[in-house]
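What TrEMBL records for 22-90, 106-173, 198-267 is domain 'DUF1206'. According to TrEMBL, the transmembrane segment annotation covers 21-43, 67-89, 110-130, 150-171, 198-219, 244-262.
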Amino acid sequence: MTAANTARRATQSELFKNLTKVGFIGYGLLHLALAWVAAQIAFGEGGQEGDQSGAFQKLAEQPFGKVLLWFVLICLVALAVWQLALAIWGHRDVRGKERIWERVASAARVVIYAALAWTAGKVVTGAPSSSADQQQQFTADLMSKPAGEWLIGLTGLGVIAFGVGMLWYGWKRKFERKLNFGTATPKTRKSAIRAGQVGYIAKGVAFGIVGILLLQAAVTNDPGKSRGLDAALHTLVAQPFGKFLLLAVALGVAAFGVYCFFQAKYRKVGT
């Protein structure tokens, strides 16, 4: 038996599937913390950055915060490994181009989960972890290169497209086919779907704002405008009725956190 076959069989084991489902609990906790930070920004009380770094710091401040943060980090690593398995061997329930796109999407999620785990690791070890500062510095470095503004602008368009895709994914309930409700009650099923819809739509809005800020940074040649999710939330709260808009986004992100808990029980996790 080759190493590849051994690895594939390992990802199909019940232990691996259970670890993956536990991973969604950590991902849900991260989104609840992020929602709390966003709500604090809406009320003018934000002490942390309004991004993943701030969310991890919020978790670290809780009783047994370091233990909680280590748990979330391990959960994110488990999700990254699961998506890596899907990118290599998975999505056999679809064929042709759809399977290719699903595997590409899984590969992208590997990067996302791994980056989040890396940020969590920096927070739990006390290393500098400002996502906003890192993104601003990256944008500034890229803008100093030939055609750097164009690259930032194209990235902004890509992020906007991703946000629109999340909106569509949530609105059309495309996530529903990845759930197996089994003997769940109709009320549970409805609650899970509603949480997923609201959560994906809220995240789509947030990504859309991040993309718009990247476009602004490219057009004005000002990397200071590209500070990621933190800047997006502060930009939103500065608008007319921004407090209420940001609270709505915070509630949506919290809904996604709740949806993650539903995924921990009902998500199909086989490869």
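Placed from the backbone N, Cα and C atoms, the Cβ positions cover glycine too.
Note on the domain 'DUF1206' (22-90): mean pLDDT across this stretch is 86.
If one looks beyond the transmembrane segment (198-219) by at least 6 residues along the same chain, the residues whose Cβ comes under 8 Å of a Cβ in the stretch are 31, 139, 143, 149-150, 152-153, 155-171, 175, 225-229, 231-233, 235-236, 248-249, 251-253, 255-259. Taking H, G and I as helix, E and B as strand and the rest as coil, DSSP gives the domain 'DUF1206' (22-90) the counts 55 helix, 0 strand, 14 coil. Secondary structure counts, DSSP: the domain 'DUF1206' (198-267) has 61 helix, 1 strand, 8 coil.
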